[in-house]
């Protein structure tokens, strides 16, 4: 069993069976319990995954949040984890730091504060969890880590936790270290001390929030580190944990995992990995089509202009566990309520702390019908057929239960239609025995809990294209707010104000501490995309100004921009860079200005608000600054569609206003 638990890829041994072959399994608490259940959660961030949600019409926005957080309605999440913005690209965009600079502090930036409030409003018992993917540049050392001054970095995180409490009355229950990046033992200890000194002794550290289990050996050798860490968090652990991790006695968490293979993942993370919490990336895929990992998420909501959203199967696969358990419930012991079926599939049994409620979760997924966003974690065998399973209740539950409420799902595949979270007739308990015939690719929940519910809202609006023409003068925003439809990919953009006029302002002036697996922030250029990835023939214009200290050298306007996320530096498109101090322009087909189509002088420079214009139709591209036409050329044929984009080179302050896009 111990060797089986350490397999990197889990293989379920499945044999052909027919319904006249029955296998029996004991459910018995008289031998004691297994580990304590710590809950199922999901993530907003890593990065900018909820970007478009905030601008949804109020009705649809509330419905989406209900599907995620409302108890006994949809996913009914127990834990909500958010990115602590660090001004860095962390998968699908950047999220703003509460401290762009050491002298700066602002707890209104971004949308995670709002998301945390909405989650707590729907479920006051939900646990809240913060994790940085990266850090602003003022915390960066020569090795591109945030350990230049460890007490300062710890204070930066404590300030975020305090900001949640002071400004939003939110208690952060869990805090992580540095997403999927090398941890620092001294920092973890320092953070624990800083939390205690700041009055946050109840905020527990999950470490290291990294792939694999590298911290385990350090924890076993260092008592101070052992005491500082509440739970060991691993990302995409493939339902496996090492024996040494299990022997620590610490809670083991899949502190980030995939929504693919979900029912199997939630069971097997405990059956074979003894992980008592699973947190899914991502809660909602609310970012532009064309950005990476668009199939991730418990659900999709990427069209605030139309109000359209999709309630995806992972919502209901999650509900099979979350609606019938709570944090603090107890798993039964392996062999006495937890295990794999002899003929394929798995089961877990949990009970409430007062032993009044019982829930059995069963899955027999023999293949993965989902659009998985991560590599396959299970080797699915195809010969699983129906089987009869008999559960025999012993211990406290023997003779005390007459029937169990039943909920059923069958993921669709091939020509088999899907069924998701359907309430079935109760399953009778006769002489302490439960008998159930299970077919392949099924999920069952049998439970004494009576509050299960498949929530729904009628009349989801139809999908529709991005509205064009579009104009934005930023006057409707508060200072510090992030403009809705601008999906920042590198750098950080927010609304600023000067002399009563509002505009969008690029804020990053130093290279930030990037996420370990994403290096686009090292390119010393900012990028903000807008609109529809399928746009082809458009006219775009924006007024720009470089004003004050720490300004950039150049600003750009682009059409048919093609890339975002961690490959944003590979961006192709049609980019017009404007260097106002040098009174020149550069026209390129890439973000890094390596492939220059032409360059030249700009005669009409105002040193105030200069207006950049680009028009592309078919193979013709024209560009102007302040109505002075600079070029009228034929475009490279391979650059056929993409977003409109703005940005700076290098990092530095720049202002953008009176943005306009129309179709040609």
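Counting starts with 1 at the first residue shown.
Every residue, even glycine, has its Cβ placed from backbone N, Cα and C.
Annotation comment: TrEMBL describes 180 as active site, proton donor/acceptor.
If you look up TrEMBL, you'll see 256 marked as active site, nucleophile.
Taken from TrEMBL, the feature domain 'Glycosyl hydrolase family 59 catalytic' applies to 37-323.
For the domain 'Glycosyl hydrolase family 59 central' (337-452), the model's average pLDDT works out to 88. Annotation source TrEMBL lists domain 'Glycosyl hydrolase family 59 central' at 337-452.
Per TrEMBL, domain 'Glycosyl hydrolase family 59 C-terminal lectin' is recorded for 488-663.
The annotation signal peptide is assigned in TrEMBL to 1-19.
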* To do: If we count other C-beta atoms within 10 Å, could you say which of the active-site residues 180, 256 has the fewest?
  => 180
* Structure fact -> Rounded to a whole number of Å, the separation of the Cα atoms of residue 180 (active site, proton donor/acceptor) and residue 256 (active site, nucleophile) comes to 10
* Tally the residues of the domain 'Glycosyl hydrolase family 59 central' (337-452) by DSSP class, grouping H, G and I as helix, E and B as strand, and everything else as coil. => 3 helix, 57 strand, 56 coil
